Amino acid sequence: MTKELRSKLFTILKIAFALTLFTIVAITLYKELSHINLKDAIKSFSKINRFWLVALFLSGGASIIVLSIYDVILAKTLKLKIGLAKTIRIGYIVNALNAVVGFGGFIGASVRFLFYKNTTDDKKALFHTISIVLISMLTGLSLLSILVVIHVFDISHIFTPYPWVKWLMYVVALFLPIFVVFTIIKPVQKTHRLLGVYCTIVSGVEWFVAALVLYMSMAIVGVQIPFATFMGIFILAALSGLISFIPGGFGTFDLVVLLGLKALNVNEEAIVLGLSLYRFAYYLFPVLIALILSTFEFRSTAKRYWEDSRILVPVKDMTSLLGSYQKDIIARIPSFAIALLLLFTSLVFFLNNLTIIYDGLYDPNHYIYYIIVSIHTCACLLLLLNVIGVYKLSKRAILFSIISVLFIFIATAYTYASFILLSWLTVIFILLLVFYRRARVIKRPFRYSKLLLSVITGAIILYINHLVIKSTFYSLEIYHIEMLTSILRYYFWITILLVAIIVGVIVWWFEYRYRSSNSRDNIATCESIIDKYNGNYLSHLMYSGDKKFFINDNKDAFVMYRYHNNTYIILGDPIGNSESFYSLLEAFYKEAEYLGYDIIFYQVTDKYMSLYHSFGNQFFKLGEEAVINLTSFTTSGKKKRGLRATLNKLDDLGYSFEVLEPPFSQQMITDLKAISDDWLADKNEMHFSVGSFDEHYISQAPIGVLKDNEQSVIAFCTLMPTYYNGVISVDLIRWKQDIELPLMDSLYLNMLLWSKDNNYEHFNMGMATLSNVGQIPYSFYGERIAGRVFEHFNGLYRFQGLRRYKEKFNPKWEPRFLVYRKHQSLWVSMLKVMRVIRKNN
């Protein structure tokens, strides 16, 4: 059998053993706990002296400091480059988490190695020393087991029915001398032969302190047994929990304590209550303290871990994937810790609804409790729903949490002014204020899927909350009082109303406070960039007056955009120095992420697809744009006789074409406005991706006009310079509707001929929407739907007609795309773009 196979087999057997043991323990515990009277347990808890309860929790929190001695010994032995205070803090965090998710101490050993490997060059010695610390968890119990064997601690009442327990104690007791002798003969470091002895002493003290916390919790609930007997039961229970490999010994430890004390005729309700207090005081409370310490301890650790490490310098040079992920994980520890604290707080205070409602049942003024319990539930729900937002360091989510904690504090102070709960809320409030200043983003981007998930989650939580309250009151036999006083009749609806009001106010305030800047209309800078680096097909639309401009720090590149509904919608590709496009978009995306906005690109070319892809985008083909090569364009030949016929017909009528240069006379503006209004009729102007009839906009470029035989303007088109590779385009094409002549054809033909005569090389006729989109069965689903629209909805919008019309000029078709974030809906993105095109606000 190979070494690898043996390792796999051992792992499988270990997991099978743990699962089997856990199943047996769970079944046995269920049978034992089924006899517990919940009502009696709650009454017993209500009688506990609050001073002693606070003292118990403080003792549990302080007891973990003993475990930090392991880390101090580790640091001194290996001469780690780390201060004493920091060693104690990290030791506290590691040991508190290890107590809950230890798996026999292996998790704690792994975390220790991760934290300390950057402080020493000798990783092998670090690994072996941590192994000594791991094994010493058992040697401490072995030391205490010797005291059981020599009858200092008495568990004879267990030895009698279970004689094998006695032999187990002998075996465990023998482990200590073997371990001590081995570590002295083969030490990790020859200068520290007594390392195993030191760790064993610390382990023994650790287990003894844990026993004192459990003994104190039992004494608080009225369990009075000789300390020597109690210690014997505790040692056996701790040994069972350690061997089980179940995190924290949950279930196994508790079952042995329950059976051991029950054999001494101790009340079951008191045992369960004492064990619960012990679990909260010795396990949960230190974890909460560790999470609080984590929010401060690892704030700058990631940066130092990455930048100051001699070991990681070559890793950085190789851009190590593993190293970068380690950096990210460490940097995320503080936000993850505060998120867990908020999750715990919300769940605990949801249970506090029971206390508030219970008080209200016996209060003559029930209506006050309608409001209090609704506010309390609303705050707990908002706190829970914003856990992920706080983890993402969203300022808005943190503000939601701050307000929620304030509401919970007020409700708790008014109804059940527990010193412990109010102190805890104060700590959470202070932490949230600290994180509010550290917030990385204003808010997260809005998604309808997130909204739906929040609504469903909120509804499920409220329903579970109702079931817990209902089942608890039935168990306490007081539900009939609730039915008579109807304290919960309007509870749900008041909660929903309060959630809606709070969410609405905060969302409105953030939208008002952090609305996109209105000062980005520096056209002069954009003009200078275009003069130096050229523009693109859409750059002339910067004069339309409905766009803002994001210009990079070097002032050599910019994008045109509109803000709409938490989204920056960018028109076309970036403009300017192509070498600056990446840094330009990086800065723009950082701003959008900070403000919680999405980014959509509309009508981009395929030239910069790799650039857009690098920012996590996906693409949808909008259609194709017709570009005519003017060097080969002609109206001669048999195939072009239709074009010649159009020109000849208007020439015979005495019509003429002329290109006018700005500035234009007021009379000309008035005449053009009349034609534009007639052409629009009852339709509205479109915006953003096309120009509109605005005196300032049309005065920025020449205008081609078609005049009748009386020299009156009957049609016009606005030129659209691109400042790009000899390309010109037209924007507005409008004519009098009462003249039944091919005026649009005439305008296009005359513009093509004029452009060719003026040495332009290409003429852009604009986009045929949805043209050549989704025409093969392997296209994306959304594109295939768009293709069907192109084929079958010609009566609704002339998709096919536009392409057929432009085809007669024999253009080259260039694709245009919509670019949007990977997790954003295509249809929502399209609707946002349509909105800014249809509305000028």
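From the backbone N, Cα and C atoms, a Cβ is placed for every residue, glycine too.
Residues or ranges marked as transmembrane segment in Swiss-Prot: 9-29 (among others).
Model confidence over the topological domain 'Extracellular' (30-52) stands at 65, taken as the mean pLDDT rounded to a whole number. For 30-52 (among others), the entry in Swiss-Prot reads topological domain 'Extracellular', with the evidence type sequence analysis.
What Swiss-Prot lists as transmembrane segment is 53-73 (among others), and the listing cites sequence analysis.
Under the heading topological domain 'Cytoplasmic', Swiss-Prot lists 74-89 (among others). Sequence-remote contacts of a segment are chain residues at least 6 beyond its ends whose Cβ falls under 8 Å from one of its Cβ atoms, and for the topological domain 'Cytoplasmic' (74-89) they are 65, 68, 112, 116, 119-120, 122, 125-126, 129-130, 133, 188-189, 192, 195, 293, 297.
If you look up Swiss-Prot, you'll see 130-150 (among others) marked as transmembrane segment, on the strength of sequence analysis.
Look at Swiss-Prot and you will find 151-164 (among others) tagged as topological domain 'Cytoplasmic'.
Swiss-Prot lists 165-185 (among others) with the feature transmembrane segment, giving sequence analysis as the kind of evidence.
Annotation comment: Swiss-Prot describes 186-193 (among others) as topological domain 'Extracellular'.
Panel annotation: around the transmembrane segment (194-216), residues 55-56, 59-60, 63, 66-67, 69-70, 73, 77, 129, 132-133, 136-144, 176, 179-180, 182-184, 187-188, 227, 230-231, 234-235, 238, 257, 274-275, 278, 281-282 of the same chain, lying at least six beyond its termini, place a Cβ under 8 Å from a Cβ of the stretch. Residues or ranges marked as transmembrane segment in Swiss-Prot: 194-216 (among others).
What Swiss-Prot lists as topological domain 'Cytoplasmic' is 217-229 (among others).
Annotation source Swiss-Prot lists transmembrane segment at 230-250 (among others), citing sequence analysis.
Per Swiss-Prot, the feature topological domain 'Extracellular' maps to 251-270 (among others).
Under the heading transmembrane segment, Swiss-Prot lists 271-291 (among others), citing sequence analysis as support.
According to Swiss-Prot, the topological domain 'Cytoplasmic' annotation covers 292-336 (among others), on the basis of sequence analysis.
Here the transmembrane segment (337-357) has Cβ contacts under 8 Å with residues 288, 290-292, 294-295, 369, 372-373, 376-377, 379-381, 383-384, 386-388, 390-391, 401, 404-405, 408, 411-412, 415-416, 421, 424-425, 428, 431-432, 435, 461, 465, 468-469, 472-473, 482, 487-488 of the same chain, all six or more residues outside its ends. Sequence annotations record features per position, and here Swiss-Prot assigns transmembrane segment to 337-357 (among others).
Residues or ranges marked as topological domain 'Extracellular' by Swiss-Prot on the basis of sequence analysis: 358-367 (among others).
For the transmembrane segment (271-291), the most Cβ-contacting stretch among 53-73, 130-150, 393-413, 416-436, 490-510 is 53-73 (pairs under 8 Å).
When the stretches 53-73, 130-150, 165-185, 490-510 are ranked by Cβ pairs under 8 Å to the transmembrane segment (416-436), first place goes to 53-73. Within the same chain, the transmembrane segment (393-413) packs against the transmembrane segment (490-510): three or more Cβ pairs sit under 8 Å, each pair at least 6 residues apart.
As a summary of secondary structure, the topological domain 'Cytoplasmic' (389-392) carries 3 helix, 0 strand, 1 coil according to DSSP. Put simply, of 130-150, 165-185, 490-510, the stretch with the most CB pairs closer than 8 A to the transmembrane segment (53-73) is 130-150.
Below 8 A, the CB atoms of the transmembrane segment (165-185) and the transmembrane segment (490-510) form no more than two pairs separated by six or more positions in the chain, fewer than 3 in all.
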